[in-house]
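In what follows, a structure is listed as structure tokens, so that the remarks can point back to it.
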Amino acid sequence: MLNIFKPAPHIERLDDSKMDAAYKRLRLQVFIGIFIGYAGYYLLRKNFAFAIPYLQEQGFSKTELGLVLAAVSIAYGFSKFIMGMVSDRCNPRYFLATGLFLSAIVNILFVSMPWVTSSVTIMFIFMFINGWFQGMGWPPCGRTMAHWFSISERGTKMSIWNVAHNIGGGILAPLVTLGIAMFVTWKSVFFFPAIIAIIISFLIVLLVRDTPQSCGLPPIEEYRNDYPKHAFKNQEKELTTKEILFQYVLNNKFLWYIAFANVFVYFVRYGVVDWAPTYLTEAKGFSPEDSRWSYFLYEYAGIPGTILCGWISDRFFKSRRAPAGVLFMAGVFIAVLVYWLNPAGNPLVDNIALISIGFLIYGPVMLIGLQAIDLAPKKAAGTAAGLTGFFGYIGGSAFANAIMGFVVDRFNWNGGFIMLISSCILAIVFLALTWNTGKRAEHV
């Protein structure tokens with residue numbers, strides 16, 4: 001491992017007179033760093049979808065391009081788990097920045113060499129590599145949150161950070177439009193967001209810090225006098241990969257429950273959003289332009305919903321994440337039913353249902369990652385979150401992309417929505433199995 005990636009060493013503590021001001025300043029600085037950084041990752045995760053119409057003009061089919069699109073999700077799922085283990089033994093300041101920088105380079109190379117976009121196989125390989133580097137984003141952010149924010153405030157703070165998903169994903173469409181207008185080529189779908197991402201990668205290095213102790217500050221639990229009821233022993237000790245995997249992650253049944261819950265939450269998330277333009281135009285009579293606006297509203301509805309969900313889990317459920325997740329998934333169940341059963345010709349109801357799904361679904365998405373952090377020691381936070389992410393993207397996102405299309409082709413939209421409704425129910429069941437975990441949970 002290169003020295004630059006090693007966890008930053010602890011240094012001598014600051015004087016008590018300087019500690020409070022330094023802690024407040026650095027917490028805000030680090031939070032801004034991982035917020036901007038993760039939003040930057042999203043600029044390079046969904047941009048391929050905007051290139052599909054242009055690549056179709058070159059003779060590629062939807063099936064071929066859908067396979068390339070799935071490469072990102074497949075690679076991301078594996079990478080989030082594997083790179084999560086690596087990130088637990090790395091300095092997130094450089095790990096997060098490196099992943100974004102390398103993802104940007106892949107995007108630039110994708111359109112810099114004409115032979116890349118001449119073959120589905122080569123495009124798949126490049127997007128797989130891009131997805132792998134994308135997996136270096138969430139785990140170091142999760143590790144950073146675990147070190148700089150204590151458990152009783154983490155739900156609210158994490159929900160605010162999670163809005164970076166929506167900011168990065170939502171701003172991509174206008175950035176793509178601007179890039180095409182400026183450079184007069186569809187290839188700007190890749191290189192224009194990549195240039196911005198490279199700039200962001202340097203901002204990450206400027207803003208993010210590893211642990212409070214590496215800045216001369218006490219652990220966050222000591223600073224806020226906010227200790228988990230059943231804290232892990234020696235949680236500031238660096239752990240080996242074997243200890244992380246076999247002592248704290250793979251043998252924790254609650255992590256497995258939320259990993260399975262994540263499969264069904266992600267299936268609903270991507271089964272709705274990735275197919276919304278097609279469903280609205282084919283089944284509900286929307287124009288393509290109107291369906292894009294509906295997509296935009298779906299994404300940005302997730303911002304207040306995510307923040308509210310995190311706040312509820314802290315304020316009303318005392319840092320237990322499952323009750324809030326169950327509550328929001330029950331709401332998703334109702335909204336998906338309305339979205340499905342509302343007759344064509346009622347666009348207002350369709351949009352309200354879609355906005356409601358967006359408002360509600362991102363809360364459970366955020367809470368599962370947060371709950372994984374809560375259920376593991378701080379030094380195993382990246383691996384724990386990586387396990388749930390692996391299940392979400394391999395079992396949920398990639399499955400939604402591939403299976404939804406297959407089912408709709410053979411059983412029409414009713415078949416697809418039966419799968420979405422079933423996924424809502426199964427997500428609720430698996431979340432309910434972790435009802436009392438979180439602040440009150442004991443390690444199993």
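Glycine too: its Cβ is placed from the backbone N, Cα and C atoms.
Per Swiss-Prot, topological domain 'Cytoplasmic' is recorded for 1-36 (among others). Only residues 6 or more beyond the boundaries of the topological domain 'Cytoplasmic' (1-36), in the same chain, are considered here, and those with a CB under 8 A from a CB of the stretch are 89-96, 98, 140-141, 144-145, 148-149, 157, 160-161, 163-164, 200, 203-204, 206-218, 223, 238.
The transmembrane segment annotation in Swiss-Prot covers 37-57 (among others). Within the same chain, residues 65, 68-69, 72, 76, 96-97, 99-100, 103-104, 107, 117, 127, 130-131, 134, 137-138, 141, 161, 164-165, 167-169, 171-173, 175-176, 186, 189-190, 193-194, 196-197, 200-201, 203-204, 208 sit at least 6 positions outside the transmembrane segment (37-57) and bring their C-beta atoms closer than 8 Å to a C-beta of that stretch.
According to Swiss-Prot, the feature topological domain 'Extracellular' maps to 58-63 (among others), an assignment based on similarity to another entry. Tertiary neighbourhood of the topological domain 'Extracellular' (58-63): same-chain residues 52, 117, 120, selected by CB-CB distance under 8 Å and a gap of 6+ residues from either end.
Taken from Swiss-Prot, the feature transmembrane segment applies to 64-84 (among others), supported by similarity to another entry.
As annotated by Swiss-Prot, transmembrane segment applies to 94-112 (among others).
The annotation topological domain 'Extracellular' is assigned in Swiss-Prot to 113-120 (among others) on the grounds of similarity to another entry. Confidence across the topological domain 'Extracellular' (113-120), taken as the mean pLDDT and rounded to a whole number, stands at 90.
The transmembrane segment annotation in Swiss-Prot covers 121-141 (among others) and is backed by similarity to another entry. Sequence-distant contacts of the transmembrane segment (121-141) (same chain, at least 6 residues past either end, Cβ-Cβ under 8 Å): 34, 37-38, 41, 44-45, 48, 67-69, 71-84, 87-88, 90, 92, 95-96, 98-100, 102-103, 106-107, 109-110, 115, 161, 369, 381-383, 385-386, 389.
As annotated by Swiss-Prot, topological domain 'Cytoplasmic' applies to 142-160 (among others).
The transmembrane segment annotation in Swiss-Prot covers 161-180 (among others) and rests on similarity to another entry. Counting residues 6+ beyond its ends, the transmembrane segment (161-180) has Cβ neighbours under 8 Å at 31, 34-36, 38-43, 45-47, 50, 141, 145, 186, 188-189, 191-193, 196, 292, 296, 299-300, 302-303, 306-307, 310, 362, 365-366, 369 in the same chain.
The topological domain 'Extracellular' annotation in Swiss-Prot covers 181-189 (among others) and rests on similarity to another entry.
Residues annotated as transmembrane segment in Swiss-Prot: 190-207 (among others).
Look at Swiss-Prot and you will find 208-261 (among others) tagged as topological domain 'Cytoplasmic', backed by similarity to another entry.
The transmembrane segment annotation in Swiss-Prot covers 262-282 (among others).
For 283-287 (among others), the entry in Swiss-Prot reads topological domain 'Extracellular', with the evidence type similarity to another entry. Cβ atoms under 8 Å from those of the topological domain 'Extracellular' (283-287) belong to residues 294, 344-345, 347, 350, 413 of the same chain, restricted to positions at least 6 beyond its ends.
Residues annotated as transmembrane segment in Swiss-Prot: 288-308 (among others).
Under the heading topological domain 'Cytoplasmic', Swiss-Prot lists 309-321 (among others).
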Margin query: Are there residues at least six beyond either end of the topological domain 'Extracellular' (342-346) with Cβ under 8 Å to its Cβ atoms? List them, or say none.
Written below: 283-285, 353
Note to self: With helix taken as DSSP H, G or I, strand as E or B and everything else coil, how many residues of the topological domain 'Cytoplasmic' (142-160) land in each class?
What the structure shows: 17 helix, 0 strand, 2 coil
Checklist line | Same-chain residues near the transmembrane segment (415-435), Cβ under 8 Å, at least 6 residues beyond its ends | finding: 254, 257-258, 260-261, 264-265, 267-268, 271-272, 275, 320-323, 325-326, 329-330, 332-333, 336-337, 340, 364, 371, 403-404, 407-408
Check: What stretch in 288-308, 322-341, 347-368, 388-409 has the biggest tally of Cβ pairs under 8 Å against the transmembrane segment (262-282)?
Finding: 388-409
